[in-house]
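Listed in TrEMBL for this protein:
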type: BINDING; residues: G8, L9, S10, G11, A12, G13, R14, S15; note: ATP binding site
type: BINDING; residues: D59, T60, R61, M62; note: GTP binding site
type: DOMAIN; residues: 1-157; note: domain 'RapZ-like N-terminal'
type: DOMAIN; residues: 163-281; note: domain 'RapZ C-terminal'
Amino acid sequence: MKFTIVTGLSGAGRSSALKRLEDLGYYCVDNLMPELIPQFARLCMESTHIRDKVAVTVDTRMGDFFDSIYATIDELKTMDLDLDILFLDASDAVLVKRFKEVRRSHPVSGSGEILSGIHMERRKLQQLKDMANHVVDTSSYNVMKLKKMIDTMYSGDHDTRLLISIISFGYKRGIPLDADMVFDMRFIENPYYIEGMRRHSGLDEDVREFVLSFDQTQFFLTELVRIVETLSPCFVSEDKNQLVIGIGCTGGMHRSVAVAEELYKRFSEKGMRVTLEHRDLTLEKNC
């Protein structure tokens, strides 16, 4: 039985993720006390009515009861389960913005003050985050994008292949928080200074051809694909199921986008599980 624990910071998308898992056929329970989870898992395994995919959320709102989550996870690991932990994260600034938009106080902060509540919760969840199979930073996500990510990770039969998540970005807005590997494309001549290309992006054919025309670009693409393809089984054997690759340039509109698109194409052609996100492209186009 597939047994998924959904956890993470308040405001990062736990409820939306659980709803999507329910759409995908999971039997879902929200905010189950950790001490009850092993018994619940046994009941699910014995039941003829509950499906073979179960998901529960746990969070710090339950106070001291939350501390038993680590003993619970140890017990679950001794059971005949395919245990999976999904941790949803987001930047402090984004979480504050989300709380203000819905006019809610933070559930962990005794005073209701948002930022102090976020910091308290982040400290309390750090150990659980370190144990997670999947850590997803939802800072740049809306509900639809989160649903697509859940679909990629959890729809269909459980896929043990490494999930490669490629994110193009601009350094002026910071490195993606959840990136495992970050590569700087500023070794490639900048199309921004080429007449006729400034307002185009790496999705446009002229920019794409320009960026990919350099020997150093082709060398980088070939070597990175080779490295990731070689190391994928090693990551999986160490229980790491997702590899987030950040591809950056100055603004996140030209070089990083073209290279990320080409990486997505090459990984897909090799039959690897891959997703693609252009984090800053829309922001740059609107500047």
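Every residue, even glycine, has its Cβ placed from backbone N, Cα and C.
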For the GTP site built from D59, T60, R61, M62, further residues of that chain with CB within 8 A of the site's CB center: N31, V58, G63, F66, P107, V108
Neighbours of T60 (GTP binding site) among the binding-site residues G8, L9, S10, G11, A12 (Cα to Cα, within 10 Å): G8, L9, S10
Cα separation, D59 (GTP binding site) to G13 (ATP binding site) (Å, whole number): 12
Candidates S10, S15, T60: member of the binding-site residues with the richest Cβ shell (10 Å): S10
Between R14 (ATP binding site) and R61 (GTP binding site): CA-CA distance (Å): 13
Any further residue of that chain within 8 Å (Cβ to the Cβ centroid of G8, L9, S10, G11, A12, G13, R14, S15) of the recorded ATP site: D59, L88, A90, T138
Inter-residue C-alpha distance, D59 (GTP binding site) and S15 (ATP binding site) (nearest angstrom): 11
Composition by DSSP (helix, strand, coil) of residues within the domain 'RapZ C-terminal' (163-281): 53 helix, 26 strand, 40 coil
Neighbour tally for G11 (ATP binding site), based on other Cβ positions within 10 Å of its Cβ: 25
